[in-house]
Amino acid sequence: MVFRKPPDGGWGWVIVVVSFFTQFLCYGSPLAVGVLYLEWLDAFGEGKGKTAWVGSLANGIGLLASPVCSVCVSSFGARPVAIFSGFMVAGGLMMSSFAPNIYFLYVSYGIVVGLGCGLLYTATVTITCQYFDKRRGLALGLISTGSSVGLFIYAALQRELIELYGLDGCLLIVGALSLNILACGSLMRPLESSSSPPPEKTCVDKVPDQYFAYHEKEKTAEENISILEKGYIDEKCVNNVPDCKQESILNKNVLSSINVNEKDTYKKKVVEQTNFCKQLAKRKWQLYLTYWKETMVLFKNKVFSALFVAILLFDIGGFPPSLLMEDVARSANISEDDYYMPLISIIGIMTTVGKLILGILADFKWVNTLYLYVTTLLMTGVALFAIPFAKSYLTLAMLSGILGFLTGNWSIFPYVTTKTVGIEKLTHAYGILMFFAGLGNSLGPPIVGWFYDWTQEYNTAFYFSGFCVLLGGFLLLLAALPCWNACTNQSSKLPPNTYSYKVASNA
């Protein structure tokens with residue numbers, strides 16, 4: 001299938017709208033899972049660490065499975081994957097309403113819903129990039145706000161549904177709303193040219209055709225020879241009966257020699273095809289070796305190594321507030337009458353604001369995006385240290401807004417990755433970093449919950465979270481300092497096709 005040039009408009013704006021609503025519908029409940037987390041604690045009576053696994057899996061499994069999601073979208077297209085994933089998200093949410101225990105939720109809500117969200121995210125980003133080139137940044141920015149808006153609305157919506165219909169009714173209604181993803185996915189028309197000629201077959205595709213063509217020729221030759229043989233023998237037998245047996249024996253000898261030659265030719269063909277398969281397997285193995293060599297080259301870049309540690313520690317420490325902030329307020333004995341807005345909703349709306357403002361700042365030439373990212377990490381660590389001292393709704397709301405704004409640094413993370421490794425290695429490096437981000441998302445909330453189970457208070461847990469984020473920020477800052485780059489450049493040269501951040505940012 002040959003794709004046309006991205007139109008940067010037209011039907012592409014429909015793609016932006018449906019991708020926005022797709023992320024809104026699929027990520028609304030998993031990101032606002034903190035409201036459901038309180039209900040699951042009361043319903044199943046399990047520990048906070050064990051219960052936190054449900055929300056952490058739902059948010060982390062999509063990032064962990066990002067290579068599989070990319071392969072699915074590349075193989076089947078964005079539209080089929082979006083429709084299939086819509087059934088996964090809706091089905092997982094509805095199945096969760098019948099969960100008899102917390103382990104059932106690990107599968108229905110954590111894995112099924114989480115994997116469906118990962119597939120939908122990959123599908124929306126892929127189809128948007130196909131339709132936009134010059135305005136790609138604007139289009140991706142618009143669709144990425146869908147998840148933040150979903151967090152803002154679903155936090156209040158799920159709380160209201162639980163009061164009206166209970167936990168089971170809430171999950172059923174939210175699952176039914178997710179079925180609208182099917183309508184959005186059906187509008188993701190692939191950008192392709194129907195009038196373009198079909199592409200030529202590759203060597204691998206031609207192998208079966210060549211074999212079958214040869215086989216048919218071989219079969220046809222044998223049939224023709226048998227027909228001629230039969231007609232010739234019949235004629236001889238009619239005219240001259242004594243010579244019939246001699247002619248038949250002679251023709252059988254000739255045919256046997258022909259069959260031997262045909263078998264030798266067939267064996268040669270089989271040997272050729274076997275050698276071809278061996279060469280193909282060898283080339284595939286070389287591709288895998290090349291992939292791992294490029295990965296090792298990336299980790300020789302000190303800034304990239306520090307960035308991978310920073311994103312892992314940031315997600316371990318920075319993600320739990322969006323899941324556990326409601327329980328933090330309840331543990332601080334804050335009355336529900338003081339609630340003007342769910343804390344998770346505040347995090348969601350400020351995340352949207354943070355994505356926009358930090359993304360705009362990153363476009364200024366005088367702003368070093370790596371130092372801007374490090375600043376957000378350090379400020380996040382300080383805000384996490386302040387959570388144990390918040391004893392009122394107002395202070396928790398302020399800290400939620402600050403943490404939500406700083407979490408918007410996801411919008412500048414691709415900039416940082418590009419400046420670190422170069423544009424030609426962005427896809428490879430970004431996939432590795434997203435895997436570790438998903439690992440941090442999956443581990444962060446359970447670790448904080450386990451700390452509470454051990455100490456029966458959140459103070460130690462958030463001190464640990466703040467320490468993790470500050471450690472990642474300081475390591476990244478140390479690796480990015482110009483004096484450090486100068487020392488490393490004098491001692492050793494960077495591997496080919498990798499860059500220090502200072503050189504890349506000046507370029």
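Here the Cβ of each residue, glycine as well, is placed from N, Cα and C on the backbone.
TrEMBL annotations: computationally assigned, not manually curated.
Since we're looking at a predicted model, the values are computed, not measured.
In TrEMBL this protein carries:
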TRANSMEM  12-40  transmembrane segment
TRANSMEM  52-73  transmembrane segment
TRANSMEM  80-98  transmembrane segment
TRANSMEM  104-125  transmembrane segment
TRANSMEM  137-157  transmembrane segment
TRANSMEM  169-188  transmembrane segment
TRANSMEM  303-319  transmembrane segment
TRANSMEM  339-358  transmembrane segment
TRANSMEM  370-390  transmembrane segment
TRANSMEM  396-417  transmembrane segment
TRANSMEM  429-452  transmembrane segment
TRANSMEM  464-484  transmembrane segment
Exercise. Does the chain bring the transmembrane segment (339-358) near the transmembrane segment (396-417), so that three or more CB pairs sit under 8 Å (pairs 6 or more apart in sequence)?
Worked result: yes
Seminar exercise, completed: Highest Cβ pair tally under 8 Å against the transmembrane segment (52-73), stretches 80-98, 303-319, 396-417, 429-452, 464-484, lands on 429-452
Exercise. Which one of these stretches, 12-40, 137-157, 169-188, has the most C-beta pairs shorter than 8 Å to the transmembrane segment (80-98)?
Worked result: 169-188
Exercise. Against which stretches of its own chain does the transmembrane segment (370-390) lie, if we need a Cβ under 8 Å and a gap of at least six residues from its ends?
Worked result: 303, 310, 314, 317-318, 321, 328, 332, 358, 361-362, 396, 399, 402-403, 406-407, 409, 412-413, 416, 419-420, 458-459, 462-463, 465-470, 472-474, 476-477, 480, 501, 505
Problem set entry | Highest-contact recorded stretch vs the transmembrane segment (303-319), from 12-40, 104-125, 169-188, 396-417, 464-484, CB pairs under 8 Å | 464-484
Exercise. Among 12-40, 104-125, 137-157, 169-188, 464-484, which stretch has the highest count of C-beta pairs below 8 Å with the transmembrane segment (429-452)?
Worked result: 464-484
For this session: Check the transmembrane segment (169-188) against each of 12-40, 104-125, 137-157, 396-417, 464-484 and return whichever range has the most CB pairs under 8 Å.
Result: 12-40
Problem set entry | Cβ pairs under 8 Å between the transmembrane segment (12-40) and the transmembrane segment (137-157), at least three | yes
Exercise. Who are the chain neighbours of the transmembrane segment (137-157) in space, where the CB to CB distance is under 8 Å and they lie at least 6 residues beyond its ends?
Worked result: 12, 16, 19-29, 31-32, 34-35, 124-125, 128-129, 131, 174, 322, 341-342, 344-345, 347-349, 351-352, 355-356, 359, 410-411
